[in-house]
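Below is one structure; the comments refer to it alone.
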Amino acid sequence: MEPLDRYRPIIDDFEAFIDACERPLPSAVRVNTIKASVERVRTALADADIAYEPVDWHDGLFVLPEDSPGANWPYFHGWIHGQEEVSVIPATVLDPQPGERVWDACAAPGSKTTQLAALIEDTGEVVATDNNLGRISALRTNTERLGATTVAVTHEDGRNHSLKPFGGEGYDRALVDVPCSCEGTIRKNPDTLEDWTLSHVEGISGVQKGILKRAVEVTEPGGTVVYSTCTFAPEENEAVLDYVLGETACEIVDYDLPLDHAPGITEWQDETFDPSVADAKRIYPHHNDTGGFFCAKLEVPAE
Amino acid sequence: MSDQSTEFTRLPETDEEREDPERATREEVLDFWTERFGVPPETFEGYTFWERGAGKLWLYQGSPPSPVDIEGLGMTFLRTRQEHWKPTLEAVQRFGEHASQNVIHLDEDTARAFVAGEDQELDWDGDWGYLVVTHDLAGEAEPVGVGLYVYGELRSQVPKGRRREV
């Protein structure tokens, strides 16, 4: 837990935070509404004697306290998909509507991609990009199992995303759930912090800035971009937002999040960030007994 | 097979628009689903059909300019350019509820064996060939995959990577 000590000055009840990070998380699943209703999934889980618990802020999420998703009928049919509770947040905040065009800038393995497809009721277009062919194969497998017909997969670095295959059309919304140092996933993967280095944090922050900037560029005026990470590092969170505010015309906006959270921080070590980064949300493991997460909503002003 | 190609080309609508005689048309695809499984053509309204490599068809809700050179476009849907066209498991799970013929309904144990990839001797007095396989899930019949019925046997066509002990 040593790398997390640097957050002592910014996290309330730091001991509770560390305690929570040391507790494992149970499996959670999201109902895939492309293929089944929440009600039918409840029935199928009950018929299979799989214990499930509702999640109070999202009726399409269940915690499976005794089971791992994978070897049961609802999974085989693509009715459910294993997805951590906090990982459901960014697509929910992006809130895409049926018929819209959405870019998922760092898409593999596809939990959020397929959630986006479900939110647009599988009508519209989700362009799902990843720069790693191995992960793209997982993305395609998940897309197919969940029966999404609106997902187009591209293999490229999100920083250089091309609109050419789609005739140059921009997007109504973009989801930028970037690769990160993953500190918030420690409850799932206890060895996450073993290879932690500040130079990795700083290096990946450059990639994050490039991808978020590209997302703002390809989003049409009046459109929405959501930026998220599963880490606590301000270098990868507020500093990235601050950079993009300086480089593009976007604005950070407030949004409702029905989970306990802390605001984005405006100061870190020697740096001061744009005051609007306070509208981003920091979700800590001891707040709601989940993984850790960071999520900001941006808008591209209408012309 | 040129499955490694990443170029998707949109199917011609009808025979008149077809340049490659081996290539399926949208019309033929719709006819196949109607004739084999009784799936009405309007089920696929709003979807476009694409081919990548020889005979591997994809279904997509959207219409990018053809050809499009990317990694994936919607779902794999139908294997053509062989004697008997074969729907994918994904297509049957998604659209099989509209099928009214060549549908075989399995009981729980038989369905489990089917998903585990086992071939089984079963009575079936309909056509031989590819069947939509269903079982009961949450109180209703739900399509689970594709089976090949020949010589008194239902052969599981569940791809190796999708087989499960449920």
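Cβ coordinates come from backbone N, Cα and C, glycine included.
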- Determine which of A:Asp172, A:Asp177, A:Asp191 appears in TrEMBL for the same S-adenosyl-L-methionine site as A:Cys106, A:Ala107, A:Ala108, A:Pro109, A:Gly110, A:Ser111, A:Lys112, A:Asp130, A:Asp157. A:Asp177
- Neighbouring CB atoms within 10 angstroms of the CB of A:Gly110 (S-adenosyl-L-methionine binding site), all protein chains considered, total 30
- Segment-level pLDDT (mean, integer) for the domain 'SAM-dependent MTase RsmB/NOP-type' (A:17-301): 96
- Pairwise Cα distance for A:Ala108 (S-adenosyl-L-methionine binding site)/A:Cys230 (active site, nucleophile) [Å, integer]: 15
- In which DSSP state, out of helix, strand and coil, do we find A:Lys112 (S-adenosyl-L-methionine binding site)? helix
- Among the binding-site residues listed here (A:Cys106, A:Ala108, A:Lys112, A:Asp157), identify the one with the smallest other-Cβ count within 10 Å. A:Asp157
- Message: What does the structure give for the C-alpha distance between A:Lys112 (S-adenosyl-L-methionine binding site) and A:Cys230 (active site, nucleophile)? Integer Å is fine.
- Response: 13
- Message: Rank aside, I only need the closest one: which of the binding-site residues A:Cys106, A:Gly110, A:Asp157 has its C-alpha nearest to that of A:Cys230 (active site, nucleophile)?
- Response: A:Cys106
